[in-house]
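Undergrad: I'd like to ask you about the structure that follows.
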Amino acid sequence: MNLRELVSALNDFASPSLAESWDNVGLLVEPSPPHTVNTLFLNNDLTEEVMEEAVHKAADLILSYHPPVFTTLKRVTWKTWKERLVVRALEHRIGIYSPHTAYDAIPHGVNNWLTKGLGACTSVPLHPSTAPSHPGEGTHQVEFCADNTDHLDTVLSKIKDIPEISCLTTLPARVEGEEQTRVSLNCSQTALVEVVALLSENSLLNHKTEIVLLQKPPLPHTGMGRLCTLSEPVSLSDIIKRIKSHLKLPHIRLAVGMGKTLESPVKKAALCAGSGSSILKGAEADLYLTGEMSHHDILDAVANGISVILCEHSNTERGFLPELRDMLAIHLQNKINIIVSEKDRDPLQVA
């Protein structure tokens, strides 16, 4: 499969526009074209050990959940390990693609997989995503009424000459017993300034003028984090067993909420894969589930009677890879070989 075709298909699977604004997603390293991809290699953290595994397994494209290139590289040398990753990738003609928070947001992504560790439940995003564009053209809608005169025709003619004006319509209207024309249009932020100036110049900007900021519609079941409502309340101790089983972990870290015990029921759980403090903060739930949180955010949650389960950052993400492999195989119509790294693991362990 051609690399550019594959990247387009991956972008269709999870649009990079869903990623957080601070993130670095998409194709990060591209070998010179043409580049054919026969083997796609999935991992969570692209370390040097994982890169050597990808080379050994003749990968043509690495899909690394976490972007190995995040901040700007001023040089590509053998000096730092992240620079060496880029060097090794280009030497062996291996592309690198990262989806990161785009996979957090999608309905069939990392957070959806993490909810399965709670048992039967329904979930909604804690921070819903919005569509990448407005429902119509432009960012604002302007409506105003005017007398049916040649003066209005002149104004409309000038409005039509303003760039980034769309959906211009006129309808007959009766205002305070007078026959008038109701004008409606969509425009960009830049065009809005010109429209307002034109209406002011022609004494048409008055209390009957309405300017509305067009909202981008929310995307169903899409966004950061999840607020989960369990079908039946379950004790905290049982939830711990379920999560350890789902994540295949011998242990987790636990902070029990003030006034709660291991036998306290859990009905609602807020979760976020990775580092969830900013997403979970303020969520009303019996339990917060994430990979890592700051000390003070844990204290805040506990003081509010919310228990906290921490599983280490990438342990809340990596288990999604086998499920991703199966979904991508279907999405890509089994046109390429997809393998999951065996060397990829969380850097922390209990000593």
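Keep in mind that glycine also has a Cβ here, set from the backbone N, Cα and C atoms.
Note that TrEMBL annotation is computational and uncurated.
Pulled from TrEMBL, these are the listed features:
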BINDING   His66, Asp104, His313, Glu317  divalent metal cation binding site
Undergrad: Sort out for me which one of His66, His313 has the most neighbouring CB atoms within 10 A, since those are the binding-site residues we care about.
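TA: Its Cβ has the most other Cβ atoms within 10 Å: His313.
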Undergrad: Please work out the number of neighbouring Cβ atoms within 10 Å of the Cβ of Asp104 (divalent metal cation binding site), leaving out its own Cβ.
TA: 30
Undergrad: Only counting partners 6 or more residues apart, tell me which same-chain residues put their Cβ under 8 Å from the Cβ of Glu317 (divalent metal cation binding site).
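TA: In sequence order, the residues whose Cβ lies under 8 Å from that of Glu317 (divalent metal cation binding site) (at least 6 apart) are Asn44, Tyr65, Val110, Ala273, Gly274, Gly291.
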Undergrad: Can you list the residues of the same chain, besides His66, Asp104, His313, Glu317, whose Cβ falls within 8 Å of the divalent metal cation site's Cβ centroid?
TA: Asn44, Tyr65, His100, Val110, Ala273, Gly274, Ser275, Gly291, Ser314, Thr316
